[in-house]
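Per TrEMBL, the features are as follows:
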DOMAIN    A:70-250  domain 'UmuC'
BINDING   A:ASP74, A:ASP167  Mg(2+) binding site
SITE      A:TYR79  site 'Substrate discrimination'
ACT_SITE  A:GLU168  active site
Amino acid sequence: MPDGAENQADIPRPDPDCLCRDCLHVWTAPAAPQNEGEASESDRRGTVLLCPACRSRRTMRHPELHRLSIAHIDCDAFYASVEKRDNPEIRDKPVIVGGGRRGVVSAACYVARMYGVRSAMPMFKALQACPDAVVIRPNMEKYAGVGREIRQMMRDATPLVQPLSIDEAFLDLTGTESLHGGSPARTLAGLVLRIERDAGVTASIGLSYNKFLAKVSSDLDKPRGFAVIGEAEAVDFLTEKPVKMIWGVGKALERKLHQDGLSTIGQLREMPLKNMIQRYGSMGERLYHFSRGIDDRKVDPTSETKSISNETTFAEDLSDFHELAHILWPLCESVARRLKKHEYSAGSVQLKLRTADFKILTRSRKLSTPTQLAEILFRQGLELLEKEADGRRYRLLGIGGADLGPPEDADVPDLADPDRDKAAKLERVMDEIREKLGSDAVIKGRSL
Amino acid sequence: MKLTIERAELLRSLNHVQSVVERRNTIPILSNVLIEASGSTLRLTATDMDIAIVESVAASIGTEGATTAPAHTLYDIVRKLPDGAQVELGKEEDRLELRSGRSRFTLQTLPTEDFPVMTGGDMPHTFNLSADILRGIVDRTRFAISTEETRYYLNGIYVHAADGIMRAVATDGHRLARVETPLPEGAEGMPGVIMPRKTVSELRKLIDESEGDVEIALSDTKVRYAFDKVELTSKLIDGTFPDYERVIPSGNTKMMQVDCKAFSNAVDRVSTIATEKMRAVKMAIAPGTMTLSASSQDSGSAVEEIEIGYDDDAIEIGFNSRYLLDISGQIESGQARFEMADASSPTIVRDVEDDSALYVLMPMRV
């Protein structure tokens, strides 16, 4: 089977269409038997394309494989994988990372998922489904550290990395062929091997010609997967897929589309652009184009973070304003610390509450002056909280800063708030003391 | 009720009262104007529960009486009637009939008993201000009123008495305007009050159509402006205005003088390029000249040089162009003085020939 092309040096050499994900060997597979209507070689059940160089079975074949350059990389069950890496004893056990008895599942390993455990599921439900699961409290600092290592490896592959969260990102590898001496597909396969080797977690790759399809395809072959959607097949591929596969179609929009008789992506294509925009606004335009496999959005390395937030689920439901306020302060401190560390200012404050019956409330407020300060987040958060602390019982409280901007815009003097400048100076002094003497060196009375 | 009135008179009065009435009302009676005819006077009243305007106008009254009718509809009808027309208003059971020339309208009415009366209550402080002074106070502060809902206490002009002067202040946190006038007789001991934005704008319309003195009466919660034939009563904003004196810098030593017309024309031109959101222009100030510039990623860049009076160290400072234009539009002598410290501290702007107004501007990063 191997080296079919070399034997036919006199006829035009077809572009290579194969890749070994273990040794990164690239070759051209011999043409599939010319039986009309029959599936291509790699699709045929039971037929495995072996790597001619290392005999590995982890090979890819796709006519556009080495021409596509927009990728989405998503780590597999990231938090759980990091925990398994650090504790080999739990490697084969179902592992759930999540908060306490009352929290929700932050991540579930693939073993736990076999029991039906899913991310964002309430912990008690997850434990009903999988009573033997090893439950680990999330250690966000550790995950963030691993996430940063992985991001750096991605940036070694291309400067155009647009992180979506701690463990996933878009990569645009256009024009990196000569730098890495190989196609984007080969660079990506090498990148995930490096992530596995150096960071100790596995990741899945989606490769296509735009962001939308790259994101869709990274989900197709999880975990440790590599899936490709080429330009030639994209429209057919999408036809029978549900509308919710489109990025931005949440529960509400999906319901609306269903009501309008649109449940598959193919059905969206039957609607004229004008109607789509009339009915669904700017989202309608996106649906129109996405349903045709068109997505012009660039991989933008600057649109990294949209908001910085922190939340906590209580040991028991709370309704008292003062108790909630007491919990709010450390959350504000942590958000402010991250705003300062990552050099952002927040232009608005968002408060999040989850009621005892699992309804989520979010309240947000635009700030007249962007901030980095825990004190300002707290004051604003408190005012928002006050309106909601009306006796309802809550199980979760969170606060975040959004509308992120450059740090220079933060906390400029406000002519209508002369005390703000003082508060800002005080907090900066406290930060300096903590920097030198540790985070507990000086605290505000309200954290006692 | 039956009366005849000249179209122009009615229109002028309706124009005053109808502008208080909100376009959308959940309480039907608030869409109506209260019409009362007695003696030889027609009284029109409108309210949104926060502000009430009562206007009296001479009319020939056939039969005394009262009713309420939709304010905007009535205003629109009268507005469309020909100049010089006579308007006849009559109440027929639960309808208001309007006749003029060959036109005839019938309007639904609501009972006068349902019309909310906004009483001023006891107003212990009374004083007079001339329409001109009042206009000067309003015009030179209102542009700085904040629209931020969360800091509702900034949504108006703060007026208070201090050492024989009356001060009016407005700020949105980015700019501040302070205007002073000698404390009028009777205003000693007046409380510090915040006049809501809508009240200020209704007041401003009334000032334009009157001369002479305006009688102002105050309590802790309400204000009443009495003109010749119109009375505007309003609730005050119940809040504490910030201690603004502390944000007015005192040690700014870099003094720059500029001709307002040349300056605002140049700012206006250069800001064409500035981004819609930030509207920032940069002022590079050196002895004798200022270079105004703006740039945006989308549209390009602009530079313009103007002459100034300045002999200190060169400084670069950025401002929101709209704020610069607002302020220079209020400087009557045509010469503005900028008092600056550095590119990140509050800057004071004054009229070189008039000490009564002071403006503070926060610079922007450019």
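Each residue, glycine too, has its Cβ placed from N, Cα and C.
Recorded features from TrEMBL, shown on the structure.
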residue  : record                          : DSSP (3 states)
A:ASP74  : Mg(2+) binding site             : strand
A:TYR79  : site 'Substrate discrimination' : helix
A:ASP167 : Mg(2+) binding site             : coil
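Confidence over the domain 'UmuC' (A:70-250), given as mean pLDDT on the 0 to 100 scale, stands at 90. Counting only same-chain residues at least 6 apart in sequence, those with a Cβ under 8 Å from the Cβ of A:ASP74 (Mg(2+) binding site) are A:ASP167, A:GLU168, A:ALA203, A:SER204, A:GLY206, A:SER218, A:ASP219, A:LYS222.
Its Cβ taken as reference, A:TYR79 (site 'Substrate discrimination') is surrounded by 28 other Cβ atoms within 10 Å in the chains shown. The sparsest Cβ neighbourhood within 10 Å, among the listed recorded positions (A:ASP167, A:GLU168), is found at A:GLU168.
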